[in-house]
Each structure stands twice: as structure tokens, then as C-alpha cells.
Amino acid sequence: MNTAQVFSFHGGIHPEENKTQSLQLPLGRPSLPSELILPLGQHIGQSSRPVVNQGDKVLKGDVIATSNGFLSSYLHAPTSGAITAIEERPIAHPSGLSDLCIVLHPDGEDRWTELKPLNNWQSIDKAEILAYLSNMGIVGMGGAGFPTQVKLQGAQKSTLSHFIINAAECEPYITADDTLMREKTHELISGIEVFQHLIQADKVIIGIEDNKPTAITAINAVIAERNSNIQVAVVPTKYPSGGEKQLIQLLTGQEVPSGKHPADMGILCQNVGTCVAVHDAIYLGKPLISRITTLTGEALTSPQNVEVLLGTPIEHLLAYADVQHSRLNRLILGGPMMGYTLDSAAVPIVKTTNCILAASKKEFPAPAPEQACIRCGMCEQACPASLLPQQLLWFSKSQEHEKAEHYNLFDCIECGACSYVCPSSIPLVQYYRHTKSSIRDAREANVKSDLAKQRFEARKARQEAEAAEKEAKRLARQKATTAKSAEPKKAAPVADSIAPTSKTAAPASPAVDDTKKLKVDVAIGKSKLKKLQKQLLDAQENEHLEDISALQLQVTDQENLVAELEKQLAAVLESAPSVAKVPVDDAAKKAKIDAAIAKAAVKKVEKALKKAEEMQAPEVDAIRQQLKDAQQRADELEQALSSSGSVTPKATSPATPASAAELDLAGQVKKEKIAVALANAQINKLTKRLANAPEEAEAIQAEIDAAKQRLQTAQALLNTLVQSQNSTQENR
Amino acid sequence: MLTVLLAIGVLVILSLIFGGILGYANVRFHVEGDPIVDQIDALLPQTQCGQCGHPGCKPYAQAIADGEAINHCPPGGQATIQALADLLDVEAIPLDGDHGTETAKRVAVIREDECIGCTKCIQACPVDAILGAAKQMHTVIADECTGCDLCVEPCPVDCIDMIDVGVTTKTWSWDKPQGISATSLNIIATDRQTEGTHS
């Protein structure tokens, strides 16, 4: 009744099991070492953040480091004692590098802090249980050390069909989970029940290899005793049936697709060690501070499993198992398939350390030299992930990362089955690991360079904007002085202004150079204004009340800016006639006819100038219409305009929200105004040419006439538009 | 005769239709800018260090597109040269030593006690990775620093060091296996003979 159907997976190998050696002695409990070294990064994700200082006294179970982000975990003191240092120590890592560790000197009392079991776990919110598990420092104890609460959060998002407890322990030599299941069967089942309460899966299956009959019997007995509906699936011994994806395939017949997680398929996998840790946390209030680890290998006189405090240096355990240093050739952390050689025995046990293999030379001879691939295809037969190891090897050797990725290199679980069967002794997995890290490095470098590019471009844009602003301010100041000098001349009679005087000509020439720039500025300002008005319109339509006032303010500001720029432009245009004077000056010396033509040209420019001024007037009118409450002030401005001829700044007015039609009309008016301005500019240009090249006078004159025609048309259209705009506003 | 005219007519109509489609596609799917420059730019390390003699990576990308040598980028090193060579289908050449040598990845670190708060390094940093204000201590945001060196020279009190970014357990990567060793080539008896008989 309690046995589940078992499927199979592709590939796999049958290495010598070597599991009996470490099962001869009962579970050992080594003495306290002289110091415990607790790395801050015992799990996948961000390292924990220490919350103790050097010299602090802690009790067994006290938090010494806290979660440092979403994917992080807590760390607790495995025994009572004093923190002697927080420093870099060599840790269990294939690189042999050091990392930050908290060093605890035990006081020997092994005194517990106050334990607070979560007795009411069945009645409280599930999120609270998850938070509690996080506080207890529970991480996946199968290998990767993935923080359990994060895995559960992911699993809770979907309804689960299967909850699989991984008890396969397929790697040779390792018997830690086997021992755990024999010693703590009740705790295991209780832990599974807590998980099941949290995730409510349809089926709960324990997947266990058939080489652990004692554990299977014990579990079946407890299940029968508790009348639980947990199923036990006994799978045939084959490496790597304990791989998460392989076990899922064995128990459900479903393959986890590339790039997906089991949770996406409604499956959650947990290691037996994690289940027991959850039991201890919930029922006893004990955080994760110890684990069962296998000590085995021919160099040990008494290989066995030990329940060991986290942070215990490996040399302490080797001494406990009576290591014979003369026989010890290689010290391997983990199993023979996926483990790695340790450089130093001073490294500590962490939450994921399941085996210490002290191997003799006979047991683990040096690897045979790599030979050329003979394309036998045995690696493909062995690969449990159904990859093409041979192809991956070519791509890895030639560093064709894209192709390697295309051949799903990242689905490789680095189980070592391909290397095991390779008749040419090619260390395939090492190639894959190297390529994987190269690809990861390249990706990271890419992300970084993208970020750098983004920041560089943002900085450049900012600098350009600042420079433009400065330039605009400088121009504004220059224009202000130019306008002042041009002002009296404008009021003077036409004949007067024709008279070539060096005084007016000097400041005028640079001013004309700036005219173009100013016109561009005006055009930019106007287009910005248009955009803002459109935004305002959108906001009004969608009734974004907060946006409206903000946009209103921006529109007003922009209007001010445009008005200011137009004023500057007008000022420049006023001084423009003097440009014609320079050639006139020269021409006057040569011939009277030339002078006469120049005079005519200047007159035309003056006319154009007046039109440009008229162009401003209706705009002021429009604003006056808009501002009912500012009527008087607008009148004053109007008077000032007519008396001085200068353009009044319309900025002061808080514009009332305009209707859609009005804005549309305003847009048209602006377009026409730009057309008028362009026509004016063209006339100016032509006039200048006329002055410079009297011999082409007739042709240019004709062009000027044409341009004037266009100007008049545009002006007429503009006037109509402005009138209709005014009338709309009045109607409103 | 009619057949010939018909054929010509049909072909003319077809050519007009396809011409129209092509013309439309040219306008509708017009690509702005020079895509090759962007592709080159994407391969450059974006340190914006100017060691190539251009004011940033994009200008150098433009220069490469215009025919400049691809080996003027020390921060990118040989890997970048190789990637550029692959992209442009030219030969990968060794790094030009005149522009600097390839160094390990570094970041700038300000000795904060000595900083006088002159803001000169802030202005020099091409990626805004230095934080500080006038007469206040400055510091480098290590994650954003590209290691370009540009802040070192302007510092009036020489308080900026370029520190190698060491390998940590998070950034460590597996070595590439040594490959087929010389000894394993001598496994076959006849191979051994050819080498061994003369000695």
C-alpha cells in the first residue's frame, strides 16, 4: 500500500558502493574541539551578517549571524563560549581560499540558550512558520545549502502534486543519511509532516535506494505505527539517482525541462537531513547547529558516522576516527564522485558537509593521464541528464561558449558519470566546470560593462545639458547688453538707422551670428512647450489631479522661457539692419546707386522687423484673454508694449487649464508663427544677399517678393487663427 | 506577339509591385545609425579609460569601424581582441604595447584620511563612481568602478590607489584541465619506439 511506482532515468553508473565500512560502528559523538570555525557563507546566496563582536560570550543556540538579504540564512552558536575572532580562515571550498568566519572558543559547559519551540505550529499562519524556519538557520542539507524558507516560498506559489523526500544517497562511501534515517526515524517523519502541513502536496513520497534495507524497515515501521499516508519508493541502486531531477524522474516519470525548476511542475524535493532539522527547530526549538557526517576511507582506523557540531575542524574529526597519517594520501570533502580534494585539514564542517573521505593511495590513485577522445560514446550512455558530453567537451576545449550553452551545458549536474566511464580518462567534468565558470564570468563582465556604459552615457548627457545651460545663460547676458544698445536705435526714424555708424555695427555683427542659434532655441523651446501641453491635456483627460498642477507649472515655465527667447530673438533682429550697413558702407564709397539699393534693402528689413513685432502682439492679446483675473496687469503690459515696442514677458500668468480645442488651436497658431518667422528669416537672408551682390539685384528682388508673398499669406492665416482662438476663449 | 506583350506586361507589373514592397520596406524598416559600431561597442569593456587614444569606448568603436587597429584596448586584453577579430573577420593580433598592458582587474580606493575633498577625481571619473562633495571626504563605489585609472592622476595629494580585485570564493573559477599530456601520447608501443630508439 505504501510503496509507490518507480520509473527510470537515462544513463547512470554503478560504481563500487563502499558503504559498509562506515556503518560498522554506531553513531559517534566527538568531543568539543578547542575552537569552532563558522564560515558566514554556509549556504547559497549572500553571506550572513555577523551580529556578535570579538569577545562576546554566547550560549549554545544564540544567533551569531543574521540573514543578509532575501537569499541568505541565520547562523547560531553550536556551543556556549566566547567569540575570539571574526576573520578570514580557510574554508571547505575547491579553491582552498579563505573566507570570513566567526571563531568560537567553547567554554566546555555546552549551556543552551532559552529554547522556544513552536508548539502551536499547526494553528498559526504559514508565513510565520517560514520566518521561524529562516530564524533557525535551516538550509537544504543535501548539498547546495539552498535556504529552505526560500524554496518553500517558491513551492507555495503553486499547488503541488508531489512532495519528494530525497533519501537516495546514491554516492559511494556516504552513509550519513542512512544513519540519520536509522537513528532519527520518528523525527524524520515528524519533520515531513511539518513540511506537508506547509505545502499540502497531493502525494508524499520518500525515495530511497534499495541498498539501505535497515533504514527502509525502520521507516516503514514508523509509518505503519503512525498510520501515515507517506509512501516509500524503493529505487534500484544507481548513481546518480539522488540527483534532484533524477529522483523526480524516478518517482514521477516526469522530466524537469531545461531551465525549469521542480516547483514549476508542482514538485518539491527535500533532503532527509533538512526534514530532521525542521523537526528539531519546530518541536525542540533547536536551531541548525549540528549534522551527521560520514568519516570514511582506508586511512581511518575507525570509520563511522558522527553527529558533529558545525564549525568543528576536520582534523579534530580525523583524530577522533584514528587517522593513520602514513596512509592518508588524499583528503576528500564529499563523495568520490562529486567531492573535491582539500588542501588543509583545518577547514571546518559546515551545514552541507556530508562526508570526509580520508583515502589511501591504493584507494584513490592519481588520475590516469588524459588521452585523446576516441568517440566511443560511452559518456553519452552514462549521462543522466541526457546531454552529449562529447560535444560539450569539444566546445569547452575550443572555448565555443555559445555552442556549449546551446547544447545545454548548464543542465549538467556535474555528477562525474561521464568522467567515470571515459576510457581515455578525460576529466570531462572539470572541463565543464571551467567552461561554466568562464561563461558566468563573461556574463557578469557583460552586465558590468553595460552598467558602466549606461553610467558613462548618463554622465555625458548631464555634462552636455550643463554646458548648454551655461551657454544659454551666457547668451542671455550678451543679448541683454546688445538689446540695450539696440533699443534707442529702434525708436529712431528709419533714415537715421540707415546711416552707417560704426557704433551700431560693431555689436550687431556677433548678434546676427547668434540669431540662428536663438531661433533654434526658440524652436526647441516651442516644441517642448507643445509636448508639455500635450501631457497636460492627457492628464486632464485622465483626471490625474496631481499631475495637472505640476504640468501646469511646467507649461508656464516653458512659456516664460519661450517668451524670453523670442524677446532675445527680436532684440537680435532689431540690430540686424546694421548688417546691411557694412556692405552699404563699402558700397557708398563706390557708387551712389549701390547705396540706394542698400537703402531699399534696409527699408525692407525694417518692414520685416515690424512684422516680427506684430507677430508678438496677438500673442500678448491671447494671454490677456486667458487671464481674466490678471486683466489689468495685462492692459499695462499691452500699454508698455505699444509704447516701447518691446515684448512683454507673459510669464507671470498662471495659465488656466485650456480645453483640447484651444490647445489644438494654439498648436496651429504656433505653427503659423514659426512659418512667419521662417519667412522673415528668409527675407532677411535675401536682403543681405541683395546688399552683397547688387549685380543680381533683380533676381533676388523677385525672390524677396515671393518670400514676402508667402509671409503675408502665413501672416493672414495666423491672424485668422489668433482671432478664432480669442473668440473661443471669450466664448468660454 | 500578344503573348510577348502579355509576358512583358506581367513582368512590368510584377516588378512594380516588388519595387513598391522593397521601397516600403526600406522606409518602414529603416535602421538608424551604424549597427556595426554598436556591435563593436558591445564587445569593448566600457571602462571608458581612454587608453586607446579615444575619449571613450564608443569613439574607439567608431574608429575601429573606420579601419583602426583592433589591438588598442588594454583593459579588454586578448579576449576582446579575439572577440573583435571574430566579429570583423580579421586576424587576431597581439595587444599593442604602446597603449598599455593588460592588467588584472583593479578598482580605485581612496585613502580617506588623506583626502582633502577637492572633487578633482569626481570630475575625472567617467562613470560617476566617486562619491563626495567639496571639502568633504570622497570615496569610490567599488561595484561601479571600472578600474580605468583616470582618477589617480588628477588627485593633488595622491591618495588614490589602484588595488587588484583579488579572487574570492564567490568569484573563483575552476582551472582548465591541462589537456592531453605528452606522456599519454607515448602509450602506444610504436609511438614510443620512434622516440625511444634514437636516444
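Even glycines carry a Cβ here, placed using N, Cα and C.
Please treat TrEMBL annotations as automatic predictions, because they have not gone through curation.
Going by TrEMBL, these are the annotated features:
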{"type": "REGION", "residues": "B:1-26", "note": "region 'Hydrophobic'"}
{"type": "DOMAIN", "residues": "B:32-90", "note": "domain '4Fe-4S'"}
{"type": "BINDING", "residues": "B:CYS49, B:CYS52, B:CYS57, B:CYS73", "note": "[4Fe-4S] cluster 1 binding site"}
{"type": "DOMAIN", "residues": "B:106-135", "note": "domain '4Fe-4S ferredoxin-type'"}
{"type": "BINDING", "residues": "B:CYS115, B:CYS118, B:CYS121, B:CYS155", "note": "[4Fe-4S] cluster 2 binding site"}
{"type": "BINDING", "residues": "B:CYS125, B:CYS145, B:CYS148, B:CYS151", "note": "[4Fe-4S] cluster 3 binding site"}
{"type": "DOMAIN", "residues": "B:136-165", "note": "domain '4Fe-4S ferredoxin-type'"}
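Mapped onto this structure are the features recorded in TrEMBL.
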residue: B:CYS49; record: [4Fe-4S] cluster 1 binding site; DSSP (3 states): coil
residue: B:CYS57; record: [4Fe-4S] cluster 1 binding site; DSSP (3 states): helix
residue: B:CYS115; record: [4Fe-4S] cluster 2 binding site; DSSP (3 states): coil
residue: B:CYS121; record: [4Fe-4S] cluster 2 binding site; DSSP (3 states): helix
residue: B:CYS145; record: [4Fe-4S] cluster 3 binding site; DSSP (3 states): coil
residue: B:CYS151; record: [4Fe-4S] cluster 3 binding site; DSSP (3 states): coil
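Close to the recorded [4Fe-4S] cluster 1 site, the chain also has B:LEU44, B:PRO45, B:THR47, B:GLN48, B:GLY50, B:GLN51, B:HIS54, B:GLY56, B:TYR60, B:HIS72, B:PRO74, B:PRO75, B:GLY76: residues not among B:CYS49, B:CYS52, B:CYS57, B:CYS73 whose Cβ is within 8 Å of the site's Cβ mean position. Take the mean position of the Cβ atoms of B:CYS115, B:CYS118, B:CYS121, B:CYS155, the recorded [4Fe-4S] cluster 2 site; other residues of that chain with a Cβ within 8 Å of it are B:ILE110, B:ILE116, B:GLY117, B:THR119, B:LYS120, B:ILE122, B:HIS138, B:CYS151, B:PRO154, B:PRO156, B:VAL157, B:CYS159, B:ILE160. A straight line from the CA of B:CYS49 ([4Fe-4S] cluster 1 binding site) to the CA of B:CYS148 ([4Fe-4S] cluster 3 binding site) spans 5 Å. Secondary structure of the region 'Hydrophobic' (B:1-26) per DSSP (helix as H, G, I; strand as E, B; remaining residues coil): 25 helix, 0 strand, 1 coil. With an 8 Å limit on C-beta distances, the binding-site residues from B:CYS57, B:CYS121, B:CYS148 that reach chain A are B:CYS57. According to its DSSP assignment, B:CYS73 ([4Fe-4S] cluster 1 binding site) is coil. Separating the Cα atoms of B:CYS151 ([4Fe-4S] cluster 3 binding site) and B:CYS115 ([4Fe-4S] cluster 2 binding site) is a whole-number distance of 13 Å. Across all of the region 'Hydrophobic' (B:1-26), the predicted model scores a mean pLDDT of 95. With a 10 A radius on its CB, B:CYS57 ([4Fe-4S] cluster 1 binding site) counts 29 other CB atoms from all the protein chains. Neighbour list (B:CYS155 ([4Fe-4S] cluster 2 binding site), Cβ cut-off 8 Å, at least 6 residues apart, same chain): B:CYS118, B:LYS120, B:CYS121. Within the set of binding-site residues (B:CYS52, B:CYS115, B:CYS145), the lowest number of other Cβ atoms found within 10 Å of a Cβ is recorded at B:CYS115. Spatially, by CA atoms, the binding-site residues B:CYS115, B:CYS125, B:CYS145, B:CYS148 include one closest to B:CYS52 ([4Fe-4S] cluster 1 binding site), and that is B:CYS148. Those residues of the chain, other than B:CYS125, B:CYS145, B:CYS148, B:CYS151, with a C-beta within 8 angstroms of the mean position of the [4Fe-4S] cluster 3 site C-beta atoms are B:ALA108, B:CYS121, B:ALA124, B:PRO126, B:VAL127, B:ALA129, B:ILE130, B:VAL140, B:THR146, B:GLY147, B:ASP149, B:LEU150.
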